[in-house]
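What TrEMBL records for this protein:
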DOMAIN    28-504  domain 'Major facilitator superfamily (MFS) profile'
TRANSMEM  27-49  transmembrane segment
TRANSMEM  69-89  transmembrane segment
TRANSMEM  101-126  transmembrane segment
TRANSMEM  207-229  transmembrane segment
TRANSMEM  297-323  transmembrane segment
TRANSMEM  343-362  transmembrane segment
TRANSMEM  374-392  transmembrane segment
TRANSMEM  404-424  transmembrane segment
TRANSMEM  475-495  transmembrane segment
Amino acid sequence: MTAQGRREDDSPIAEDRKAERTPLPKLQLLIVFLIQFAEPVTATVIYPFVNQFVRETGITGGDETKTGYYAGIVESTFFFSETLTVFAWGWLSDLLGRRPVLLLGPLGLSLAMLGFGFSTTFWPLVFFRAFQGLFNGNIGENSVGVSKSVLAEITDSTNIGDAYALAPIMWSVGLTIGPTLGGVLSSPASRWPETFGRIPFFHHHPYFLPCAAAAFIAFASFFISSIALKETLPASRRAKLSSLWRRDGKKRNDARDDATTPLLTDATSDHYATVAVVESGIPIPVKEEKRPPLSQLFVPSFVITIANFGLLAFVDMSMSALIPLVYSTPIEYGGLGMDPLQIGTIMGTFSILNGVFSGLFLGSLIRRYGTLSIYQMGIFSFFVVIAGFPVGNALARRAGGIDAFVHLVVVIQFLAMGAIYPCYASMMLMVIQNTPSKLLLGSANGAAQMVTSGSRALAPAIASSLFSLSIQRNLLGGYAVYYIFVVLTAVVIRVSRYLPSPPLEQETASQ
């Protein structure tokens, strides 16, 4: 078989490419994406100002080289708390259903953001960031959470690639709005002295306004979703599982109203449901299946997949933590000396461009080249992202500031980051492909997000600490942190070779 033929067959949905694709359930997709939208907004709104916020708490004692350590603690706490709870959210969604678990997410995020904005000292920042991570674990767009289980349950093999290709759009829009809000609305008293400057509150809480804006978006997401979101876990599974801990489970199921009417049923053993069931919400009698024990989830192919997912998340989160840190650090300390507004504008602009690209092209790319090829090609972009840090600083030192060449390096660096976005969609699909049973889908997505959240819990602290240590001790000219991540990227590329081939590719290879 030719190489071209193998590439075309490498798609996870290639066996259905000659058949007409099932229309996407647009309303429910929109609601799921709206819930996912709250995550990137609340997660990234603090990026443009978090380093300055940490400095102003006084925790660094005026030592610029310590900023990276404490900013890393704030970021790592978010993902550490997410790691501790994400698997429980996935398991709970298998027990109670997707809808109630998902609705808790944006509601909790709105409260956490308000607390973060009210904070004036360091440790409350850590507490409310951890509180945010607690409620973020059941949404998980960039990582795989309960919302990913819903996407898998409202699609079939003919359109799942399109649904997952659209998902990064909301993440990218959120990555655009979040940093933009953080950059534009931070320190409003000094930016608009004639209006906000006359209100003492904004002098004492210069970062409350962007946090409040993000909290409003999260609460609006909760309010709309509480009205329109339908349940996707079949009632038969919820009744069976809930009866393990509620004796009145049958009575509760009999009294179920339209708000919890299942959106999908197990129409066939190969597909989750048809679009007719999706749009009408009419329950169909289903054959109950015995839910496998959790121990059957961790087969070699699934373990290898989530291990790769964890490595991807670690390196990507390290880069995401380094970008605002390096950009905000003075040039003489290895950074670019940008202010929060510049950082927020840059991050927001490139995020929306990445989202547009994903929405227009990612679905067709996955169908043509397959999830495995997309992932293995995309991770090479980390080399370009890493190289952008020392090159940009060297050019800024030579020019005595940010000139056209530095801007060009920033553009190239973010274009490379954009090439990493499709890797997440590919890994999300591979998690589903390698889940032993669809009855364990919520737990499988929870396990995958637990691994990625654990990686993200460690990445900011490690990356920012390595950056500070490299500067403090002038290790390899202050650039030791980048050499370390070059080596780690090589490890990620090597480990990706152990990923199982998509099902159709395995059949083709055996012929």
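Cβ from N, Cα, C; glycine included.
Sequence-distant residue pairs (6 or more apart) of the transmembrane segment (374-392) and the transmembrane segment (69-89) include fewer than 3 whose Cβ atoms are under 8 Å, leaving the two stretches without contact. Highest Cβ contact count with the transmembrane segment (297-323) among the listed stretches 27-49, 207-229, 404-424, 475-495 falls to 475-495 (criterion: pairs under 8 Å).
As a whole-number mean, the pLDDT of the domain 'Major facilitator superfamily (MFS) profile' (28-504) in this prediction is 79. The stretches the transmembrane segment (207-229) and the transmembrane segment (69-89) do not meet in space: the count of Cβ pairs below 8 angstroms, excluding pairs fewer than 6 apart in sequence, stays at fewer than three. Only pairs six or more apart in sequence are counted, and the transmembrane segment (101-126) with the transmembrane segment (27-49) gives three or more Cβ pairs under 8 Å, enough to call it a contact.
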